[in-house]
Every structure is written in C-alpha cells, then in structure tokens.
Amino acid sequence: MVCFRLSPVPGAGLVLFCLVLGAIRSYALELNLTNSENATCLYAKWQMKFTIHYETTNKTYKTVTISDLGTVTYNGSICGDDQNGPKIEVQFGSGFSWTVNFTKEVSNYSIASISFSYNTRDNTIFPDAQDKGILTVNNPVAIRIPLNEIFRCNSISTLEDNDVVQKYWDVLVQAFVQNGTVSTKEFLCDKDKTSTTVAPIIHTVVPSPTTTPTPKEKPKVGTYSISNGNGTCLLASMGLQLNVTQDKVASVININPNSTDFTGSCHPQTALLRLNSSIIKYLDFVFAVKNENRFYLKEVNVSMYLVNGSVFSIANNNLSYWDAPLGSSYMCNKEQTVSVSGTFQINTFDLRVQPFNVMEGKYSTAQDCSADDDNFLVPIAVGAALAGVLILVLLAYFIGLKRHHAGYEQF
C-alpha cells in the first residue's frame, strides 16, 4: 500500500490518502480523511471506470474506456462544516476530475451527487475529437444511509448521462464518521441485499462431483475489451458455460453476452477481466506474467446467485491455463474446460484472449491450443516408431534363427 500524507486542507486537517497496489483483488482507491484533531471524518474505498462516446472530426463516433487512472490527487476533499458538506475530489490524467458530495439529515446522511469532468483536448485518449474542451456530467444519486453506518456495494452500479457511462463496484464509504472510528455496521445496497447466504471460498481443488449436469446448447461468444490511459490493454472473446454443483445438484448456465456487463484493469504483471450480470455478482479472470516472457490464467473468482436464492462463491488462485508467449494471443476454437474446483468448472468455446501487450487494439499472432496437442503427440509418435523398429528387429532375428536351424537339419 502506498500512502500519501498531504498538507492540511482548510477546514479538514491532515489528509491521508492511500492507493492500494499489489494483489489483483485490491486494485482500489482508498481514502482516509482526517480532521484538525487527526480523527477520521470520512472513509472511502472503491473501484471505478468510465466509458465515453464522442464524435470525431470526420463525423464518425468513437468510444473510449478509462479504467486505469494512473497517478491521482485529491485536492479539494473536505470533512465538511456547518456551511459545506463532506466532499471527495479526485484528479487524474490530463484535466480529468471526479467529485462526490454528501449531505446530512437528522438521522441519515446521503450520497447526494456525483460529477465527472473529462478533457477532450487530450489527443491520446480522444484522437480526432470534434469538440475540444473540458466537459462535465452531473448525476443526482440520493442514496440515504443511517448515520454511523458504512455503505457497502460490491455489485456494479451504473450512472449514464448522454455520452458518458460511469461504473462503480466494491464500494465502501462512510461520511460523518463519529468519534473518529469507522463503523463496523454495514448498510448494503439493494443489489447486495438479494441474499445473505454465502458459500465458503475455496482455494483448493477437490474431487470431481458425481452428478452429471444436463447438457445445454453451445453458448454465444462474447467480445470483451479493457482500456487504460494508453488505449486497449486486454482483449478477449469466448463462449462461456458454467458448471455448478451444490448439495449434489448440478446445473449448467450459459453466459449471455448481450446481458452481461464487464470491467477490468491492466497492470505490468497482472490483468483482470470481470463479468457481471443479473445472476452473476462477479466472475473474475486474473492473468499473470511468468518468467518475464509468458502469460497464463492464474486465478478465477466467482460469486453468483443460484435458483434457490443462495449465493455460490468459489475462488482458486493457483491455476495454470491459457499459457502463451507475451506479445501473442492464446486461441482455442474447440471446447476446453477450466477446472476451478470440484464444484465449479467453466467450459470455453471459440476462445481467444490477449491480456498483455495489445497493439493498436488488435490481437497479435495466436498460439493455438492445438500446439499443446501436437506437443503431446510428438513423444507418442516417436515412441510408436521406436516400438515398430524394435518389432522389425525381433522378427528379423527370429526368421534368421529359424533359417539357421533349418540348415542344420539338411545335413
């Protein structure tokens, strides 16, 4: 965790900001705002991304997604006073800013509004933009939370305004913190209230289930791309079929890309693709670099709602699938199975993925999974050839021996 202690903000005291780095599950902005007495007055931790649709000089339209904020500052964030409510302000990139305003009532506080400003003069992010300047969208939110409770929303929340779509997830925030102590009592968003029964997270592979899921038709292929400040950084296309077993009951679920949302992030050594839908809280594919020259699928995490209303959650961070050289993509058109645990497997169809070193938003040369089959067949072929030679040698020996004995009999 890298923390920045800034000079006092008027009316807010010292400000301690932390940008959490490291494990893929911790790619979040984290803010601990203190007052003049060095007591916490506002705490927040969250993840976010922005998708912007803009017109170009040749009257066409382009879409850019910003998920890697790079270096951020928090100038203007305040605890609040009698005249002004608490406020979170984040600055990043070239002229980008994001602001959250809070208000207080008798027994509640509210996330009142969220505003986002972006700079279309940045030719790196907005090449050939028709309108140049800083544009701002304002969204009233009005989420009411009881005082002295912390708001949590792990599910993806979406704000849409004209050409801008904002997405937030893994949100944890409390304004008007009392006595400098962040509350342990959580107020959940509606999406997270669907079920409170959570299955244990499993990090080891257990024996395969004995039940057989009902076969389903081949799933539709979804196309996914993640961008950061330098352009597209992750590409993936695949049909996904989930095999879930709970209480000896097996089920098969095809992911429909038309009703599936996605987000993610890219970093030098790791990359994340997260899928989300009405029944899937999150399905994470975590990629990693190994030996500085190859990538592979290292981790899969899933949390989803089952038909009976319970939540099924599994994680495995010790996988080794979809291995390919850096600078290339991995492709497999045939059906493959990613075994996350004995109770959860993913069947993939028409798979192609490149989580690192994407150039000009296009896939690089693919390493096909058939190469794995070829590598497996080569030793078999060599062994078969050697066995054939050995058989011929033995036959020749016995034939020669028989002729030798026949010659003796003639004498």
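For all residues, glycine too, the Cβ spot is worked out from N, Cα and C.
Annotations in TrEMBL come from automatic prediction, not curation.
What TrEMBL says about this protein:
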| type | residues | note |
| --- | --- | --- |
| DISULFID | Cys153-Cys189 | disulfide bond |
| DISULFID | Cys332-Cys369 | disulfide bond |
| DOMAIN | 219-358 | domain 'Lysosome-associated membrane glycoprotein 2-like luminal' |
| DOMAIN | 378-408 | domain 'Lysosome-associated membrane glycoprotein 2-like transmembrane' |
| TRANSMEM | 376-399 | transmembrane segment |
Any idea what the Cα distance is from Cys189 (disulfide bond) over to Cys369 (disulfide bond), rounded to a whole Å?
42
State the Cα to Cα distance, in Å, between Cys332 (disulfide bond) and Cys153 (disulfide bond), rounded to an integer.
36
How does the domain 'Lysosome-associated membrane glycoprotein 2-like luminal' (219-358) divide up by DSSP, counting helix, then strand, then coil residues?
3 helix, 98 strand, 39 coil
Relative to the Cβ position of Cys153 (disulfide bond), how many further Cβ atoms are located within 10 Å?
22
Sorted by position, what residues of the same chain at least six away from Cys369 (disulfide bond) have a C-beta under 8 A from it?
Tyr330, Met331, Cys332, Lys334, Gln336, Leu351
Whose Cβ, among the disulfide-bonded residues Cys189, Cys332, has more other Cβ atoms within 10 Å than any of the rest?
Cys332
